[in-house]
Amino acid sequence: MANAALVVALVAMALAGVSANSCPNMCNGHGECKNAERVCTCFDGYTGGDCSLRLCPTHEAWVDVAQGTDDAHNEAECSNMGICDTATGTCICRTGFTGAACERMECGSACNGRGTCESMKNFAIEMDPGAGSTYSYTAMWDSEMMHGCSCDDGFSGYDCSLFDCPSGDDPLTTTDDAGVTQANEVQQVTCTATDGTFTLTFRGFTTGPISYDATSAEVTAAIEALPSISSDYESGVSVGYSGITATACTSGGHAWTVEFLQDFNDLPLLVEDDSNLTPPAAIDPMVIVEVTAGTKEDDVCSNRGICDTKTGSCTCETGYDTGNGLDPAVRGYGQRGDCGYVTQTITSCVGEIQCSGHGTCSGDPTYRCECNSGWTGATCADRLCPQGRPWFAHPTATDEAHLDTDRQECSNRGTCDRTTGLCVCDANFEGSACNLLSCMDPGDGVCNNKGQCLSLEQLAELAEVNGDAAGFSYGQVPNSVQTWDYEMIQGCYCEDGYMGYDCTQRSCAYGDDPLTIGQVNEVQQISCQDAAMDGTFQLTFRQQQTVTISVGDTIADVQAALEALTTITSVTVAQSSPSATGVSICSASGVSFTVEFLYPTSDVPDMTISSVSIDSISLIETLKGTKEYDECSNRGICDRETGDCTCFDGFGASDGQGNDGSIANCGHVEPIVDSEAVERLMGGG
């Protein structure tokens, strides 16, 4: 008996010592200990009840549940496109995403080595000012997150996997629709300067410095040296000076022309850099305007052949061969590779079946196929693929992109199979036009078979504030530049107990920290009055509704109805007045009862009353809950693989109120016994 008494005394001493000890694991040296309550305040970059876990970098989220109407893409760990390795503080990104916070989308196949991977912001900067207005793209959430390929000359496709074929003027169309003879592009340059140099840029390539007194031959040579000018086999441009003027610039201003001989259609303007010219006065020393818009076609294979995008070569139809690109009077065989030369008299559209049965032949003299909807190509043998708003494209106005007005085949995230008319999408995209960012399949099904794949619009509808429906929306304004992605970007909405961008991570039980003091449970009071005592009502808590409650029910009936909800584990329902047990929760003159929330804890939302057929019923919060509702009660670490709390020494499962129980949330202080001391006291040495 004496030894047993000693054991009891020792256990009591051990229990008293629990609250006097330091913080769990001394905060691992990564935080400060609040000794009174043994709570770790972690340093930046660390988290967890003992500051043993590393935080990972955060960035605007690729996908998330809206935090307000049209308020998505908020800051998230690993941009919600990766899993945080809490041992190292590094993000393990989803395939196809990179960056410290998984904040950058990778380019398909690294652009196959035939282009550069650019952000939307940088791609906007690269817009050719000669093609029209240029716009910046810096204010939108995806300006430096969305990336795509800027292909080298001669390559195309979202991943630069396609070889471009030679293009040229259709040899049978010599006039435009109005009957006017087709013309080459002609631009006029007016230069007013007495010294210095200038450069000219065409389609992204810039000449070397050209002297103000350069001859027409020198200007021609400088322009034809550009890779963007077709001049490999014939003269690319013709530079025409005015009258007897021999220099590019004069003090009075010299207007001269540049005619494009081998590049067809309405071309972008030459872009000048005249910052090194010396004008005779405070004027713009160089001005370039379009004199004649090019009206010749610039069709792939001159619209008289089939392009093999695997090799970049044209297979010309019978009666056509590679041409020299010159005007009809001097047009002949050449080395352009574009099927722009007619080798025999043409009397019909090409093919055994004209236009492959998928178009209408225009007849004499052009014999050009006008393809039916869904078909394309010189012979209408190729299928078109569905179009969608582009994932990656130049902005059409400042900070405006991805809109309906700029639809592209396969949304610029896939390759069109011309045989089937189906898009072959990049690995992370789906939909008929590759217009959807797919949800992750970690190997066991989409969202790990533990969640739903939903669009940003759908996710916003499920937004909650403290468990109640928030009523947010995302993308309700049609074609809004702010919410262009409302149906295009998808993410996982995980089942209870699962988390992470792909629902592969487990969440653990929550609860009150058993060592923080001076806190209270949430208490709400319901007052009810019904003269006939025949009414009913229902209570709703965090979007779950009880069975119908009658005014004649007891507090035990109300407690049972509430605890039947999956959003409530335990409550205590008590009558305020009268205090006698077993009487009705309502009366003809009016009575009140209270609901104390035991689990979940914290400042829970007010219940709502519905389906009311009672004279008077109301609810007020009489005591705001101040207890924590933290994962593992802040006294353990959650195992993300199993969903189990690994409790710190001295803590175990609770009843939600700090007592021993079945909720595995580390919310109960357990006895700690020094076994060696017990053995000594028991006489074991």
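Keep in mind that glycine also has a Cβ here, set from the backbone N, Cα and C atoms.
Residues or ranges marked as disulfide bond by TrEMBL: Cys23-Cys33 (among others). Within the same chain, residues at least six positions away from Cys23 (disulfide bond) with a Cβ under 8 Å of its Cβ are Gly31, Cys33, Lys34, Asn35, Arg38, Val39, Cys40, Asp50.
The disulfide bond annotation in TrEMBL covers Cys42-Cys51 (among others). Cβ neighbours within 10 Å of Cys42 (disulfide bond), excluding its own Cβ and spanning all shown chains: 19.
Residues or ranges marked as disulfide bond in TrEMBL: Cys93-Cys102 (among others). Within the same chain, the residues at least 6 positions away from Cys102 (disulfide bond) whose Cβ sits under 8 Å from its Cβ are His59, Trp62, Cys78, Ser79, Met81, Gly82, Cys91, Cys93, Arg94, listed in sequence order.
Sequence-distant neighbours of Cys380 (disulfide bond): residues of the same chain at least 6 apart with a C-beta under 8 Å from its C-beta are Cys355, Ser356, Gly357, His358, Gly359, Cys369, Cys371, Asn372. DSSP assigns Cys380 (disulfide bond) to coil in the three-state reduction, placing it in neither a helix nor a strand. As annotated by TrEMBL, disulfide bond applies to Cys371-Cys380 (among others).
Outside the domain 'EGF-like' (19-52), and at least 6 residues removed from its termini, the chain residues within Cβ reach (under 8 Å) are 86, 89, 513, 515-517, 632, 634-637, 648-650, 669. TrEMBL lists 19-52 (among others) with the feature domain 'EGF-like'.
Annotation comment: TrEMBL describes 69-103 (among others) as domain 'EGF-like'. Counting only same-chain residues 6+ beyond the ends of the domain 'EGF-like' (69-103), those with a CB under 8 A from a CB of the stretch are 45, 47-48, 53-63, 141, 144-145, 426-428, 440, 456, 459-460, 472-477, 480, 482-483, 491, 500-502, 504-505.
Taken from TrEMBL, the feature domain 'EGF-like' covers 345-381 (among others).
Summarising the annotation, TrEMBL assigns signal peptide to 1-20.
The Cβ of Cys51 (disulfide bond) lies under 8 Å from the Cβ of Cys27, Asn28, Gly29, His30, Gly31, Cys40, Cys42, Phe43, each on the same chain and at least six residues away in sequence.
Away from its own ends, the domain 'EGF-like' (345-381) comes close to residues 170, 172-173, 299, 301, 303-306, 317-319, 418, 421 of its chain (Cβ-Cβ under 8 Å, at least six residues beyond either end). Helix, strand and coil counts under DSSP for the domain 'EGF-like' (69-103) come to 3 helix, 14 strand, 18 coil. Using a 10 Å Cβ-Cβ cutoff, Cys33 (disulfide bond) registers 17 neighbours. Counted with DSSP, the domain 'EGF-like' (19-52) comes out as 6 helix, 10 strand, 18 coil. In the predicted model, the domain 'EGF-like' (69-103) has a mean pLDDT of 98.
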